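Take a look at the structure set out below.
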Amino acid sequence: MSRFLICSFALVLLYPAGIDMYLVGLPRIAADLNASEAQLHIAFSVYLAGMAAAMLFAGKVADRSGRKPVAIPGAALFIIASVFCSLAETSTLFLAGRFLQGLGAGCCYVVAFAILRDTLDDRRRAKVLSLLNGITCIIPVLAPVLGHLIMLKFPWQSLFWTMAIMGIAVLMLSLFILKETRPAAPAASDKSRENSESLLNRFFLSRVVITTLSVSVILTFVNTSPVLLMEIMGFERGEYATIMALTAGVSMTVSFSTPFALGIFKPRTLMITSQVLFLAAGITLAVSPSHAISLFGITLICAGFSVGFGVAMSQALGPFSLRAGVASSTLGIAQVCGSSLWIWLAAVVGIGAWNMLIGILIACSIVSLLLIMFVAPGRPVAAHEEIHHHA
């Protein structure tokens with residue numbers, strides 16, 4: 001079992017590492033490529049676009065051909081793209097490399113969740129996904145620090161060589177440690193089971209909405225945090241970094257505590273708790289009379305996301321034993337595109353950073369609470385863990 005957990009964690013971590021590792025070198029990258037920092041900030045969106053593009057096909061291929069045939073090319077593409085970015089001499093080539101990096105990371109991301117669906121039952125999967133969420137929260141804190149240390153002695157290209165080394169590690173795990181987990185194709189007489197795993201399942205769609213809104217909340221917070229904390233609340237850059245590190249600490253603590261909570265409370269209870277925390281955060285930020293109260297509201301956001309997201313993702317994947325790859329892709333596409341669309345629309349309409357965050361918090365909590373209470377899970381699908389024996 002440990003081999004599947006290690007490989008899944010490694011496959012997922014390429015995604016946040018690709019986002020956060022290079023940010024510290026952005027000023028030097030812009031100077032060397034004769035581009036403005038503003039022009040290169042689009043590299044974040046280009047990376048997410050690459051991930052979304054990968055998810056359009058990676059899930060289907062993973063369900064038809066297996067998890068390894070997607071993970072191995074995905075890791076290889078991430079390596080090649082990282083090297084390509086390090087060798088880029090124009091901003092156009094750099095952005096092309098970032099898109100390819102996103103493609104590779106997207107393939108690995110989809111496979112990781114499919115593997116967890118293949119090998120774990122519902123309760124254990126919820127616990128593991130909560131732990132994975134906590135580990136993912138470490139990356140935005142550690143990656144810039146590691147990038148800063150690297151750049152003390154080496155040029156910005158070394159950041160992408162470091163990502164390439166990470167990709168090589170994932171490739172080696174995928175080649176030599178990971179075993180195939182895709183369930184055997186059903187017999188012709190059992191095709192009804194595969195056909196019953198519809199993406200239009202009400203329960204699955206409800207969890208797609210809940211997880212997409214939750215990701216929209218956390219990405220809205222990350223996207224608006226410089227404006228909220230430095231421009232509106234007046235904190236210095238160093239204080240901003242400290243606050244963001246503390247919020248990551250809250251996320252990690254809650255994420256690592258959630259598996260223990262799942263041994264006491266039902267998953268539904270934790271999901272309701274998550275949305276109540278979002279609602280409390282929205283109300284707190286809306287009526288806050290002081291910076292201290294506002295910071296408390298921000299910690300509620302991090303706690304709310306960490307306590308509920310892994311559980312919701314596990315529930316979303318639950319109905320799919322034969323189409324876990326497609327289900328994982330659908331979740332990823334919805335989360336990336338839905339959150340990006342909200343942030344873009346809010347900016348176009350002219351909604352301020354503060355109201356943008358409050359609005360998505362309250363909308364997410366109300367819609368999600370209604371879905372949790374009125375859309376019940378269907379009959380659970382078995383088909384996990386015994387898969388190992390024919391891997």
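Easy rule for this one: first residue shown is 1, then count along the chain.
Even glycines carry a Cβ here, placed using N, Cα and C.
Remote same-chain partners of the topological domain 'Periplasmic' (25-41), defined as residues 6 or more beyond its termini with a Cβ less than 8 Å from a stretch Cβ, comprise 88-91, 94-95, 147, 151, 155-156, 159. Positions annotated as topological domain 'Periplasmic' by Swiss-Prot, on the basis of sequence analysis: 25-41 (among others).
Sequence-distant contacts of the topological domain 'Cytoplasmic' (63-68) (same chain, at least 6 residues past either end, Cβ-Cβ under 8 Å): 111, 114-115, 118, 174, 178, 180-182, 322-326. Marked as topological domain 'Cytoplasmic' by Swiss-Prot: 63-68 (among others).
The feature topological domain 'Cytoplasmic' is assigned by Swiss-Prot to 114-130 (among others). Within the chain carrying the topological domain 'Cytoplasmic' (114-130), a Cβ under 8 angstroms from the stretch's Cβ atoms is held by residues 1, 4-5, 7-8, 11, 59, 62-63, 67, 178, 181-183, 255-256, 258-259, 262, 267, 306-307, 309-311, 313-315, 317-318, 320-321, 324-325, 327-328, 380, 384-385, 387-388, all 6 or more beyond its ends.
For the topological domain 'Periplasmic' (152-157), the DSSP counts in helix, strand and coil order read 1 helix, 0 strand, 5 coil. Swiss-Prot lists 152-157 (among others) with the feature topological domain 'Periplasmic'.
Annotation comment: Swiss-Prot describes 179-198 (among others) as topological domain 'Cytoplasmic'.
Annotation source Swiss-Prot lists topological domain 'Periplasmic' at 222-244 (among others), citing sequence analysis. Mean pLDDT of the predicted structure over the topological domain 'Periplasmic' (222-244): 85.
According to Swiss-Prot, the topological domain 'Cytoplasmic' annotation covers 314-330 (among others), on the basis of sequence analysis.
Nonlocal intrachain contacts for the topological domain 'Periplasmic' (352-355), taken as residues 6+ away from its ends with a CB within less than 8 angstroms of a stretch CB, comprise 224, 227-228, 232, 285. The annotation topological domain 'Periplasmic' is assigned in Swiss-Prot to 352-355 (among others) on the grounds of sequence analysis.
For 377-391 (among others), the entry in Swiss-Prot reads topological domain 'Cytoplasmic'.
Under the heading transmembrane segment, Swiss-Prot lists 4-24 (among others), citing sequence analysis as support. Sequence-distant neighbours of the transmembrane segment (4-24) (same chain, 6+ residues past either end, Cβ-Cβ under 8 Å): 43-44, 47, 51, 71, 74-75, 78, 85, 101-102, 104-106, 108-109, 111-113, 115-116, 119, 128, 132, 135-136, 139-140, 143-144, 146-148, 151, 156, 159-160, 162-163, 166-167, 169-170, 173-174, 177-179, 181.
As annotated by Swiss-Prot, transmembrane segment applies to 42-62 (among others), with the evidence given as sequence analysis. Here the transmembrane segment (42-62) has long-range neighbours at 15, 18-19, 22, 69-70, 74, 94-95, 98-107, 109-111, 114, 182, 324-330, 332-333, 336-337, 340, meaning same-chain residues at least 6 beyond its ends whose C-beta is under 8 angstroms from one of its own.
Long-range contacts of the transmembrane segment (69-89) within the same chain, counting only residues at least 6 positions beyond its ends with a Cβ under 8 Å from a Cβ of the stretch, are 7, 11, 14, 18, 22, 33, 54, 58, 61-62, 96-98, 100-101, 103-108, 110-111, 157-161, 163-164, 167-168, 170-171, 174-175, 178, 325. Marked as transmembrane segment by Swiss-Prot: 69-89 (among others).
For the transmembrane segment (93-113), the list of distant contacts is 7-9, 11-12, 14-15, 18, 29, 33, 40, 42-43, 46-55, 58-59, 62, 67, 70-71, 73-82, 84-85, 163, 167, 170, 313, 317, 324-325, 328-329, 331-332: same-chain residues at least six beyond its ends, Cβ to Cβ under 8 Å. The transmembrane segment annotation in Swiss-Prot covers 93-113 (among others), and the record cites sequence analysis as its basis.
Among the features that Swiss-Prot reports, transmembrane segment is placed at 131-151 (among others). Cβ atoms under 8 Å from those of the transmembrane segment (131-151) belong to residues 8-9, 12-13, 16-17, 19-25, 28, 158-159, 162, 222, 244-245, 248, 251-256, 258-259, 305-306, 309-310 of the same chain, restricted to positions at least 6 beyond its ends.
Positions annotated as transmembrane segment by Swiss-Prot: 158-178 (among others).
What Swiss-Prot lists as transmembrane segment is 199-221 (among others).
In summary, the transmembrane segment (331-351) does not lie against the transmembrane segment (269-289): fewer than three C-beta pairs, each 6 or more positions apart in sequence, are under 8 Å. Within the same chain, residues 3-4, 6-7, 10-11, 13-14, 17-18, 21-22, 24-25, 67-68, 71-72, 75-76, 78-79, 82-83, 85-86, 101, 104, 108, 115, 146-147, 150-151 sit at least 6 positions outside the transmembrane segment (158-178) and bring their C-beta atoms closer than 8 Å to a C-beta of that stretch.
In terms of C-beta pairs under 8 Å, the stretch of 245-265, 269-289, 293-313 lying closest in packing to the transmembrane segment (356-376) is 269-289. Distant neighbours of the transmembrane segment (199-221): 271, 274, 278, 298, 301-302, 304-305, 308-309, 312-313, 315-316, 319-320, 323, 326-327, 330-331, 334-336, 338-340, 342-343, 346, 356-357, 360-361, 363-364, 367-368, 371-372, 375-378; these residues of the same chain sit at least 6 beyond its ends, with a Cβ under 8 Å from one of its Cβ atoms. Taken residue by residue, the topological domain 'Cytoplasmic' (63-68) breaks down under DSSP into 4 helix, 0 strand, 2 coil.
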